[in-house]
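Scroll down for the structure; my scribbles are underneath it.
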Amino acid sequence: MGNLNKEIRDGDHPDITEERLKSTFDTHKMAAQIYNSQRAADRRNEITSAVLKIPELQDIKPLPFLSREEKVEEAARKIGILSEHLYDLVNVNDGAELYHLNNVVIGGEGNPLALHGVMFIPVLQAQATDEQKKKWLYRAMKREIIGTYAQTEMGHGSNLRKLETTATYDKATEEFVLNSPTTTSMKWWPGNLGKSTNYAVVVATLIINEKDYGPHSFMVQLRDENTHKPLPNIEVGDIGPKMAYNATDNGFLKLNHLRIPRTNMLMKHVKVEKDGTYIKPPHAKMSYSAMVHVRAHMNNTMAYFLASSLTIAVRYSSIRRQGHINPKEPEVKVLEYQTQQHRLFPHIARAYAFSFAGAETVRLYEKVKKDMESGETELMADLHALTSGLKSVVTYLTMQGIEQARQSCGGHGYSMASYISEIYGIAIGGCTYEGENMVMLLQLARYLMKAAKAVKEGKKVEGLVGYLSAPDNRHSLIDRTPEKSYDTYLKTFEHIARQQIFRAFDKLEKMLTSGLPHSEAWNKCSVELTRASRLHTRLFIAQAFARRVHDVVDFHIKEALDDLLHLHLNYELLDVASYALEDGHLCGEQMNFIRSELYRSLGKIRPNAVSYVDAWELSDMELRSVLGRRDGHVYENLYKWAQNSSLNRTDVLPVFEKYLKPLMMSARKNSKL
Ligand SMILES: CCCCCCCCCCCCCCCCCCCCCC(=O)SCCNC(=O)CCNC(=O)[C@H](O)C(C)(C)COP(=O)(O)OP(=O)(O)OC[C@H]1O[C@@H](n2cnc3c(N)ncnc32)[C@H](O)[C@@H]1OP(=O)(O)O
Ligand SMILES: Cc1cc2nc3c(=O)[nH]c(=O)nc-3n(C[C@H](O)[C@H](O)[C@H](O)COP(=O)(O)OP(=O)(O)OC[C@H]3O[C@@H](n4cnc5c(N)ncnc54)[C@H](O)[C@@H]3O)c2cc1C
């Protein structure tokens with residue numbers, strides 16, 4: 001039998017090999033859990049190996065040393081080469097394979113086809129008629145045209161009902177007139193809009209006979225297909241550098257009374273007839289499908305970002321030695337410190353949890369998508385509630401985890417050589433895009449308040465909120481749990497979420513009864529409402545984790561996942577325990593029990609720590625991190641990495657002659673006086 005940890009190679013740093021030899025599970029079998037099948041895990045590695053054989057697909061130099069223009073160019077260069085090899089490298093109908101290819105070759109900072117793949121094609125698939133698909137979708141899939149999704153404006157992103165871009169129907173010519181009447185109405189932010197794309201699905205407020213029908217989607221050609229010059233009545237450009245994503249040309253767009261044919265409105269579900277008659281869609285929010293598509297996939301991308309930074313931090317912590325636990329022994333790996341373990345291991349568990357919750361979400365999304373094709377919309381509300389809560393909670397917790405990973409690497413974590421700061425910048429965009437987190441928590445809260453009302457009226461609720469009508473224990477039985485049974489933990493999470501949901505509900509009802517208008521009462525309760533949404537979502541994540549562990553057959557994998565789940569439940573419960581202490585559901589003694597279980601878990605995870613992160617099978621090429629190198633040889637490579645700095649091209653920089661020398665000369669002269 002070979003090594004259980006599949007990353008062991010001759011010549012690796014002995015400290016990291018020592019870690020890998022301790023693995024109690026097969027890391028490639030664990031990858032099958034993370035990526036949802038052994039085949040998917042195999043394919044990732046096959047794609048990485050194939051990419052490594054194509055020299056033009058390697059980074060020309062470490063990305064942090066590139067200017068913004070070079071980053072944009074480098075991503076486009078690779079997309080060009082990828083286009084030639086695409087069919088040999090991946091199954092182009094498999095989103096996970098494409099995403100992996102993107103991560104290995106290009107990385108998270110963006111590429112000209114990102115929004116094309118993530119939103120433009122999905123919006124056409126969901127909202128275009130067959131005729132429209134023939135005209136644009138098939139060309140888009142062959143990359144004859146490149147598009148984006150242009151919705152957000154300088155003045156409005158969250159409140160779609162107030163988008164200022166108008167699409168006014170002109171019955172006489174059977175055209176829509178698209179117009180950006182103000183500075184704030186300019187589209188602002190859409191990815192790849194600035195320089196890369198020649199088409200966009202523009203979301204604009206539909207006006208027919210002076211009546212406002214709200215946001216609708218329109219296909220707009222932005223640039224000439226040959227010269228790439230902006231077409232008449234269109235101003236388009238890049239919005240400038242951002243916190244991260246700087247290989248992406250997020251753009252602005254001003255439409256000056258641009259006329260497009262009536263048939264450019266995406267009309268699969270909704271219609272404007274020649275005479276201006278408006279035909280409603282089966283569900284008012286069907287046109288929001290592209291956003292729901294991205295939200296449904298965000299758990300997995302966030303899990304990936306979190307796992308990437310933890311891979312870097314845990315591997316580095318296993319070769320970084322500093323300080324003593326026993327003064328008579330050599331300096332220890334920093335991974336031995338309980339504080340380091342407490343800083344990193346709960347986030348490893350979260351990365352796994354997000355991936356499992358993500359798999360369930362994508363399954364529901366696929367079902368709803370299929371239903372919608374035939375006009376069936378019953379599950380749309382459930383999906384919207386679930387994805388709204390998850391996108392908010394998962395992006396926020398990912399942000400916390402990545403920052404802890406960075407800090408756990410000490411000074412070198414702050415260097416771009418760790419690459420963690422770039423991953424952080426990319427990941428935290430997710431707190432904002434696809435619906436600002438608070439806004440989306442409040443969307444989930446609407447759903448929760450409806451469910452709470454039904455329960456108060458004596459009705460039984462089911463599905464995601466079924467626990468609201470289930471029996472509840474006054475006191476948690478958490479310290480009377482047989483080992484490896486998580487029911488009492490999950491019941492405690494249920495209790496906490498239920499209490500908070502009803503607390504918010506009662507507060508809202510009280511204000512409404514006192515005569516406050518609904519929107520004002522809602523605003524005055526909104527902090528309580530967002531708390532309810534977070535607790536409900538964290539319950540879902542814990543349940544999804546437990547469901548996955550329950551389903552695993554392989555004994556060693558199950559045991560290893562069980563250890564992570566145990567850590568997860570205790571850590572998360574401590575994080576939200578104040579809610580259960582308030583009403584005496586948990587007592588002080590039980591808090592001690594949870595704490596001691598948490599510390600026990602850290603010890604149990606420790607020997608497998610490197611293997612838990614190795615199981616994500618993130619290659620050096622995709623991690624782009626000196627600290628996270630698979631072989632553990634960090635220090636000599638840190639020194640090599642610094643040689644890329646353009647400041648090192650000469651021993652003496654011109655600034656010395658220009659500024660520093662005169663400064664020192666004059667100081668010396670003065671001190672002689
Ligand atoms: C060569 C090959 C190479 C290969 C390489 C290939 C490359 C490929 C590789 C790619 C690499 C990856 C790169 C990734 C890059 C990152 C991408 C980042 C993208 C970021 C994009 C964006 O950032 S894009 C803009 C998103 N911008 C929002 O996200 C706005 C939020 N704002 C709202 O979304 C609405 O404004 C908001 C709040 C719902 C209120 O909407 P509203 O006012 O209309 O509605 P109300 O609030 O009044 O609600 C009325 C009732 O509607 C219900 N409802 C609402 N929505 C519903 C829904 N969707 N489904 C069902 N029901 C829904 C609600 O629950 C109520 O129900 P009830 O009445 O029963 O309670
Ligand atoms: C990296 C990145 C990529 C993007 N890509 C695209 C793209 O491809 N296409 C596109 O169309 N857009 C894109 N966007 C825009 C993005 O979708 C919006 O910025 C996002 O939806 C937030 O909207 P906003 O900017 O209007 O925030 P605002 O709504 O102005 O948020 C500001 C504050 O107001 C609060 N707030 C707003 N409304 C409420 C409310 N009702 N209740 C309580 N609090 C509220 C928010 O919580 C927040 O604290 C991108 C943004 C980023 C950062």
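Here the Cβ of each residue, glycine as well, is placed from N, Cα and C on the backbone.
These come from TrEMBL:
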DOMAIN    26-146  domain 'Acyl-coenzyme A oxidase N-terminal'
BINDING   Thr152, Gly191  FAD binding site
DOMAIN    288-449  domain 'Acyl-CoA oxidase C-alpha1'
ACT_SITE  Glu434  active site, proton acceptor
DOMAIN    487-664  domain 'Acyl-CoA oxidase C-terminal'
For Glu434 (active site, proton acceptor), what is the secondary structure state per DSSP, taken as helix, strand or coil? coil
What count of other C-beta atoms do you get within 10 angstroms of the C-beta of Gly191 (FAD binding site), across all chains shown? 26
Separation of alpha carbons, Glu434 (active site, proton acceptor) and Gly191 (FAD binding site) (Å): 12
So which one is it: of the recorded positions Thr152, Glu434, which has the fewest other Cβ atoms within 10 Å? Thr152
Cα of Thr152 (FAD binding site) to Cα of the residue listed as 'active site, proton acceptor', in Å and rounded, measures 10
Helix, strand, coil residue numbers for the domain 'Acyl-coenzyme A oxidase N-terminal' (26-146) per DSSP? 88 helix, 0 strand, 33 coil
